[in-house]
Ligand SMILES: Nc1nc2c(ncn2[C@@H]2O[C@H](COP(=O)(O)OP(=O)(O)O)[C@@H](O)[C@H]2O)c(=O)[nH]1
Ligand SMILES: Nc1ncnc2c1ncn2[C@@H]1O[C@H](COP(=O)(O)OP(=O)(O)O)[C@@H](O)[C@H]1O
């Protein structure tokens, strides 16, 4: 196992309903994946089966706005009427321990993270088609018809932001998307290993 000074910040983003949550859960169920998942804060109400501190830290709007004022969030966004944000302390502490941190966030947040952490690895999860995206949102059954229309409109705007990302991964099949993400992270580590100062001792001439 290579000991790294600083971990890699991996950001998985993409339109709502593309399968970010599904792919993230499938990735974290695999034994060879040792990314640390950053649990987000949200003012959205818990869905059935969601657990505070596991799926999200569920907050009131007042609590969330205080976190914003106290600069406790690396990024935050208001998305379809609710706040979502990434706690900064966890991300910095974990990266400084040399561990890779994995964020699964929507597009506005990812763009903020890109500004704060340009050295991060930004992956855009793409639906095979817009029809399939709509199918997935409808099948999930968590949204009313109004919200589905709203999410489709936002989704089209989000897909236009794909050029801001380092890689695009099509989520045609969950297991294939996971393999692509793992391959990208592995390649990115190898690319960064080139940096010579990491091998100063090895290169020193006696
Ligand atoms: N900016 C930002 N977006 C987040 C964060 N956590 C989750 N999201 C995104 O917020 C959106 C809505 O999430 P959610 O309500 O759980 O619904 P779903 O992911 O569409 O099932 C998704 O695109 C999530 O990826 C966060 O900390 N920051
Ligand atoms: N590769 C895939 N093929 C078919 N259905 C998928 C795939 N990935 C995700 N889904 C389904 O699409 C719906 C939306 O997935 P979800 O993970 O909630 O999306 P997001 O987190 O991006 O909003 C869910 O019903 C999920 O089971």
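Note that Cβ sites are derived from N, Cα and C of the backbone, with glycine treated the same way.
What TrEMBL says about this one:
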{"type": "DOMAIN", "residues": "7-186", "note": "domain 'Guanylate kinase-like'"}
{"type": "BINDING", "residues": "14, 15, 16, 17, 18, 19, 20, 21", "note": "ATP binding site"}
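If you take every residue in the domain 'Guanylate kinase-like' (7-186) and average the pLDDT, you get 95. Shown in sequence order, 125, 127, 133, 136, 171 are the same-chain residues outside 14, 15, 16, 17, 18, 19, 20, 21 whose Cβ sits within 8 Å of the Cβ centre of the ATP site.
Listed in sequence order, the binding-site residues among 15, 17, 18 whose CB lies under 6 angstroms from an atom of ligand 2 come out as 17, 18. In three-state terms derived from DSSP, residue 20 (ATP binding site) belongs to a helical segment. Only 20, 21, of the binding-site residues 14, 15, 18, 19, 20, 21, place a Cβ under 6 Å from an atom of ligand 1. Between the binding-site residues 14, 17, 21, 14 has the most other Cβ atoms inside 10 Å of its own Cβ, all protein chains included.
Sequence-distant contacts of residue 19 (ATP binding site), defined as residues of its own chain at least six apart whose C-beta falls under 8 angstroms from its C-beta, comprise 125, 127, 136, 171, 174, 177.
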